[in-house]
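Pulled from Swiss-Prot:
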BINDING   48-51, 188-191, 211-214, 276-277, 366-367  NADP(+) binding site
BINDING   N135, A136, W137, Y138, T139, S140, G141, W142, G297, P298, E299, L300, V301  substrate binding site
Amino acid sequence: MAISATTQSALVGGSQDDIILSTSAPIPQRLEDDQVAVAVKAIALNPVDTKMLGDFHTPGAVLGCEFSGVITSAGPVATSEWGLREGDRVSGAIMGMNPLRPQIGAFAQHTVAPAHVVLKVREDWDFAQGAGMGNAWYTSGWALFHTMGLPAGPQLEPLHTLVPPPPGNAGKLPSTNKPITVLVSGGSSSTGTTAVQLLKLAGYHVIATCSARNFDLARQYGADEVFDHSSPTCAADIRERTRNALRFALDCITTPETTRLCYAALGRSGGRYVSLDPFSEAVAATRGVVRPDWVLGPELVGEDIAWPEPHGRKGNPKARVFCEAWTRTLQRLVDQGLVKTHPQLVRDTGLKGALGGLDDIRAKKVSGQKLVYLL
């Protein structure tokens, strides 16, 4: 399915530290052996997309990390190792606003993605649902089953067999017949509902925090217990409920307030705190028995990241190995109907509408839903 055009419409970095709709962005022409080219049919917005300004901003670079569409061309490795072929309906999680690959991003009519971050979309899913199987699923898996060091368990094959958690990350897990409890702060966010589902599949007991209006949402995705994050006694209530023994907390929001809540909820002997953004060092310093860390989803691609510190880093081969196993795991979960996407607010206003969607996210007008735009 050759693409004769050389330019396209895309959301790109503007010259005034802003995001603009360009109608003359170049279509990526070079396809590497392990990549696929995709005609984009739907895109999903994330809070990170609103942060690609200032030092993260590259004029002309395409924005966006989540998409779904139809493969127009596949490299030989993408076909031989991943079974991806022209005409396949797929979703992907890539790094937008990438100064090293400025022509590649999700918010465009055409994009390119490495095969190891691409999933085939189920036949009974539309493109909007497909666009929801991206960033959150990769980031939460990396955070829980690598950085936090939780064993994935046999329910999450082949990850469980291929990539065991690094030794020492979680410390010695308690030998008990009761499920280990994990706190998910921001349990009604996109990454939150994803993390809750994965933890339940892996056999954990999940406590979620969110606003009271989203309690039912968190429960629908599997949370065993839900607490109101705005309650002044939230952390104390969780600590009492867990008998002062909670050891694991995933912070899907990552503000000083949510870090403080997680730290206060963790038990007397401390434990592991993992966030999705750099956390407050001042808060982290308040409890030496808690080991904090944070994750950067694009690291899973395995390539150098040229964003400003502390986000910039060399390519991580171990992250790519994890990602390859995790993609095979996610594909099985999708195919078997074991996971569902976050609730979606679908709009058919295309890339132009997505500009307004970024403003809605900045203004916190969207809660408990993922914004998806059809192209």
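Backbone N, Cα and C define each Cβ position, glycine as well.
Location within the structure of each feature annotated in Swiss-Prot.
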residue : record                 : DSSP (3 states)
V48     : NADP(+) binding site   : helix
N135    : substrate binding site : helix
G141    : substrate binding site : helix
S188    : NADP(+) binding site   : coil
R213    : NADP(+) binding site   : helix
L276    : NADP(+) binding site   : coil
G297    : substrate binding site : helix
V366    : NADP(+) binding site   : coil
Fewest other Cβ within 10 angstroms of its own Cβ, chosen from the binding-site residues V48, L276, V301, V366: V366
Set of same-chain residues at least 6 away whose C-beta sits under 8 angstroms from E299 (substrate binding site): W142, I305, R313, N316, A319
Candidates T50, S188, S190, namely the binding-site residues, that fall within 10 Å of G141 (substrate binding site) by Cα distance: none
Nearest-integer angstrom distance between the alpha carbons (Cα) of V301 (substrate binding site) and S190 (NADP(+) binding site): 20
CB within-chain contacts under 8 A for G297 (substrate binding site), separation at least 6: C65, A93, N135, Y138, T139, W142, L276
Integer Cα-Cα distance in angstrom, R213 (NADP(+) binding site) to W137 (substrate binding site): 24
Site with most surrounding Cβ atoms, counting all protein chains shown within 10 Å, from the binding-site residues T50, S190, S211: S190
